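If you look up TrEMBL, you'll see 120-139, 170-191, 203-223, 235-254 marked as transmembrane segment. The domain 'Peptidase S54 rhomboid' feature in TrEMBL is assigned to 166-301. What TrEMBL records for Ser234 is active site, nucleophile. Sequence annotations record features per position, and here TrEMBL assigns active site to His299.
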Amino acid sequence: QLDPENTGFIGVETFASLVHSHELPLDPAKLDMLVALAQGNDEGQVCYQELVDLISSKRSSSFKRAIANGQRALPRDVLLDETGLGIYKRFVRYVAYEILPCEMDRRWYFYQHRTCPPPVFMAAVTLTQIIVFLCYGARLNKWVLQTYHPEYMKSPLVYHPGHRARAWRFLTYMFMHVGLEQLGFNALLQLMIGVPLEMVHGILRISFLYLAGVLAGSLTVSITDMRAPLVGGSGGVYALCSAHLANVVMNWAGMRCPYKLLRMVLALVCMSSEVGRAVWLRFSPPLPASGPQPSFMAHLA
């Protein structure tokens with residue numbers, strides 16, 4: 001009735017009167033976004049497909065273009081002004097400011113975020129790594145530097161270029177760690193950086209990014225350090241860190257995460273020192289070992 005010519009558009013005034021008279025009101029935040037989008041085009045019209053995408057929390061290409069134009073401003077356009085939020089919603093707001101560079105993107109993410117599915121990938125990987133470490137620690141009675149135990153490197157999870165025919169080892173080495181220091185460092189970064197990234201970008205993208213880093217590590221060791229075994233999830237952890245740091249650098253002006261320069265410097269210092277420690281253990285182990293120490297090439301790859 002409101003679009004007799006079947007153009008797919010109606011005027012924003014007509015749409016507003018329809019919303020007020022309808023018995024099922026729209027989410028006010030989504031209505032604000034739709035009106036802001038309509039005010040951004042030349043005719044000031046509401047598109048039916050944009051309405052469908054908005055209600056279903058799908059981001060259409062036209063809405064992305066509208067955000068890029070930067071000509072619209074939603075009411076209360078600073079998400080930090082929101083008051084009376086619960087603990088979880090405050091955490092979601094923190095994630096929005098930690099990962100997203102645009103205020104419109106932050107508000108969109110904040111209002112459309114759902115707790116299901118939860119960010120289970122990084123949590124599951126970290127829990128599995130801890131369980132594997134505890135199992136081998138209890139079995140070998142070596143908790144600090146397990147790699148000095150000759151039985152540790154015989155695990156079917158460890159990757160070694162000489163065992164590349166066993167294809168599962170290209171990935172499963174990420175569950176093994178050389179000691180408490182490496183496990184603690186990787187687990188901390190996975191939870192601090194990986195969980196927010198997974199909440200924003202979803203399990204598929206982040207799991208692909210993490211596993212791509214792990215696979216890059218084993219492939220690089222296969223051609224650069226063929227005598228050394230490989231253990232630890234550092235390849236995936238450094239992939240997450242590099243992706244996050246690249247996002248901060250490329251969107252420096254728009255990022256609102258606190259102390260971003262200091263945090264970036266600290267992250268680079270910690271990563272560099274961890275790589276340096278891995279190089280030192282590879283070529284100058286403090287104790288005699290039965291074979292070469294784990295390679296550090298996964299960090300660089």
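Using N, Cα and C of the backbone, Cβ positions are placed for all residues, glycine too.
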Same-chain Cβ contacts of the transmembrane segment (235-254) under 8 Å, 6 or more residues past its ends?
99, 101-102, 125, 174, 185-186, 189-190, 193-194, 197, 206, 209-218, 260, 264, 267-268, 271, 298-299, 301
Tertiary contacts of the transmembrane segment (203-223) (same chain, 6+ residues out, Cβ under 8 Å):
117, 119-122, 125, 159, 161, 164, 169-171, 173-174, 194, 197, 230, 233-240, 243, 295, 297-301
Cβ under 8 Å to the transmembrane segment (120-139), counting only same-chain residues 6 or more beyond its ends: which ones?
146, 152, 155, 157, 174-177, 183, 186-187, 190-191, 194-195, 198, 203, 206-207, 210, 233, 236
Inter-residue C-alpha distance, Ser234 (active site, nucleophile) and His299 (active site) (nearest angstrom):
6
In sequence order, which same-chain residues at least six apart have a C-beta under 8 angstroms from the residue listed as 'active site'?
Gly217, Ser234, Gly235, Tyr238, Met271, Glu274, Val275, Ala278
So how many other Cβ atoms are close to Ser234 (active site, nucleophile), meaning within 10 Å of its Cβ?
30
